[in-house]
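To start, the structure itself, in structure tokens.
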Amino acid sequence: MNGVVAALEEMPPVTRFYTGACVLLTTAVHLEFVTPFHLYFNWELIVRKYQFWRLITSFCFFGSFGFSFLFNMIFTYRYCMMLEEGSFRGRRADFVYMFLFGAILMIISGIFVQILFLGQAFTIMLVYIWSRRNPMIQMNFFGVLTFTAPYLPWVLLLFSLLLGNNAVVDFMGIACGHIYFFLEDVFPYQEHGRRFLKTPQWMCYLFDERRPEPLADDERPGGFDWGEDVEEEPIAAGGEARD
């Protein structure tokens, strides 16, 4: 138990919160406290019945415990943590803003595409953003395929097709990830480009760690300026100060 607690404490906070919510929600379904019918994405129920929790729970449920759940959680934890500790290190507010931006894109897409749960698409989005920001890393998929990181989302899409899953979910995650990557990492550096995804200041205030400002000279302890030279009186040869 101590090892589990230690592992949780070592996880970066956003990754710990998201993966923890996924595990807790799946456990609640397994213990029959709630059912998947209360969790899935349904725009009509959200708008007309005010079931706003579905905007969150549809991202946190990956199905019952099993191989599919374990596979998705490993990828979610791994690439969420590598993003938070990698390109978003020291920029927690920007990472949370990326979460919100991607979730909003998927919610808009989910209105027009019949997808019940958006968590798998969100995982693919995280994988896509990480892969585009680490283009030179060599990947090995189950010891069969060797490729560079930018091909990883497409390999996962092919793997989903082989397993008989809905490829629309993976493709939607790739599309949302590409939109974020283009607006954040490509377009601002083009001629006449600009940055659209600027993190609001209130999010920076809430999520970024604030370092203490250095003390002014008159606020330093002791009340004495140790950097100021002190004028000494000359000492006579006999060891007494001259009058």
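Positions of Cβ are set from backbone N, Cα and C atoms, glycine also.
TrEMBL labels come from automatic prediction, so no person has curated them.
The transmembrane segment feature in TrEMBL is assigned to 17-40, 52-75, 95-128, 140-162, 168-187. Positions annotated as region 'Disordered' by TrEMBL: 213-243. Annotated compositional bias 'Basic and acidic residues' per TrEMBL: 213-222, in sequence order.
Contact check: the transmembrane segment (168-187) against the transmembrane segment (52-75) gives fewer than three Cβ pairs closer than 8 Å, residues 6 or more apart, which falls short of the contact criterion. In terms of C-beta pairs under 8 Å, the stretch of 17-40, 52-75, 140-162 lying closest in packing to the transmembrane segment (95-128) is 52-75. Here the transmembrane segment (52-75) has Cβ contacts under 8 Å with residues 18-19, 21-23, 25-26, 29-30, 36, 38-42, 45-46, 103, 106-107, 110, 116-120, 122-123, 127, 156 of the same chain, all six or more residues outside its ends.
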